[in-house]
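As annotated by Swiss-Prot, signal peptide applies to 1-20, with the evidence given as sequence analysis. Annotation source Swiss-Prot lists N-linked glycosylation site at 194, 205, 301, 380, citing sequence analysis. Positions annotated as active site by Swiss-Prot, on the basis of similarity to another entry: 236, 427, 484. Among the features that Swiss-Prot reports, disulfide bond is placed at 300-315, with the record citing similarity to another entry.
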C-alpha cells in the first residue's frame, strides 16, 4: 500500500502508518483510536483558506455546510431537565455525591438530527453555582466523548475489566467544573439522524453549527447555566472542533453563552507543522532510522505551500519505511504496552487509576452496549441499527477539513478568549513537536519564558511538565509522561492542569517546595 503525507493532513499520514502495519501488529488486539478516521471519511480536499486570511475562514464558516439543508429549529427544550436525570448507573461505586443527566437534544427537527450528551455536575451536588460549565469534545473525527472523555479520561467513573462494574476516578474534572460531554456529529456514539444522507455530508462546518445549536437548545433545558462562565476543551481532532465552535459562538453572539476560554490537547491545528513535527518526533525518539528520516526530510515537502504538492515515489517509500518501523508499538503512547486480548475478565482485575489499562476500550464498549446502561442513560431510544462504538462506522464521508485553525485562534485571542494548548509528551500521534511548531507560526511575543511546572509541591516537588506563556493569553503546556489522551495516562497532572486553566492562573512553580 502506497501512502504519502504531502497532499494530506497529519491524520491521513498516520492512517497510512496504521493501515500499513505488519502481521505482528495485526495479531494484537488493536484499539480503534481518535485520528484513525479522517482518511476513510475524507471526500474532498482541505479547505482552501491560507492561515493568513481570517476573511477566508469567515467565508467558509458562514457558508451552508456541505450542501446540507438549513436546520429547522426544534421546540423549546424547557422543562425536560428532570426527565434526563440519571438516578444511578449500573455497577456504580458507593459515595456518588454529584448529579448526573443524560439524553438527547434535537438540533434539526426536519432532519430528525439529535445529539447525545452526558452531564456530570460538580462534586458536592446541585451543580455548584461557583463552578463553571466545561464542555469536552473528543476528535476522530467521529469518536465519542462519552466513551473516551467520560469513561476513559476525565469523567467520574471508569469501567473495570468485566465490562459491568464502575470504579471512581478521584481526579475527575467535575472536581473543578460541571462537565458536559457531547457525542458529535450525528452518527457518533448514540447520536443519530433520521436522514441517513446526513452521515455522508458531515464536516467541520456542519459539526460546529450543530454543536452551537445543541448548546443553544440545551441551555433552555438547563437555564441555570445561562451566563455561567463557559469553557470548551478537547483533544486530537477537537483541535478543529473546539476553536470552530468557539468561533461560532462569537459569530452568533448569544447572551446566554459566556465563553471565557478554550483548551486543546495533542491537537490537530495546522496541517504542515503537524506533519513535520510528527516525523521530527519519530526520529528524535529513536523510532525511525537516520536513513528513513533523511528520506522524509529530502522528499516530503513540509512547508505551508508544499502541503498540496502531488505525491512522489521517494516520499511514498520513506513513508512506508516509517509504517514498518512503527507497526508493533502504540503510536498514541510510544512507551505504553499494547492490549493483548479484547476478552473481558471476570472477576475483574483490580484497577489502578495511575496505570492505564490498554484494553480499556473493550471494557467501555461492552458497558455502553448493555441495555440496562442505555436505559439508565436515556440512550438509544430510537433503537439504532448499529451498536455503540468508540469511533463511528456510520459516518461515510467528511466533506470539509480546514488546513489550519490558527486564524480562528488569533480571532479568539483578539476577543479576550483564553487559549491553552497542552501536549502529552509521549504521544506520537499529534506530538509535542507538532504543537510547538504550530504555535510558533503565530509569532507571539513571550510573556513568561519556558519553565517546569509542578503537579506536587510537597518535599522536593514533582515536575508535571513545562509551560511557556505568550502575550495575548495563550499558553503552551506539556504534560510529562502522558500519551495522546492525557487524563488517561496522567490523571492527577491533568486535574492540576484544568484547575489552573479555569482559574486563569499560571501552573505551579516550586518556589515553596522545601517549606512544605
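Along the chain as shown, residues are numbered 1 onward.
Using the three backbone atoms N, Cα and C, a Cβ is placed for every residue, glycine included.
Where Swiss-Prot records a feature, it is marked here on the structure.
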residue: 194; record: N-linked glycosylation site; contacts (Cβ under 8 Å, 6+ apart): 111, 112, 113, 382
residue: 380; record: N-linked glycosylation site; contacts (Cβ under 8 Å, 6+ apart): 190, 374, 388
residue: 427; record: active site; contacts (Cβ under 8 Å, 6+ apart): 266, 332, 333, 334, 482, 483, 484
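Cα to Cα, residue 205 (N-linked glycosylation site) and residue 300 (disulfide bond) are separated by 29 Å. Here the recorded positions are 205, 236, 301; the one with the fewest Cβ atoms within 10 Å of its Cβ is 301. Spacing of residue 300 (disulfide bond) relative to residue 236 (active site) is 23 Å (Cα to Cα, whole number). A separation of roughly 25 Å, to the nearest angstrom, links the Cα atoms of residue 236 (active site) and residue 315 (disulfide bond).
Residue 301 (N-linked glycosylation site) sits 9 Å from residue 315 (disulfide bond), taking the CA atoms of both as reference points. Its own atom aside, the Cβ of residue 484 (active site) has 27 Cβ atoms within 10 angstroms in the protein chains shown.
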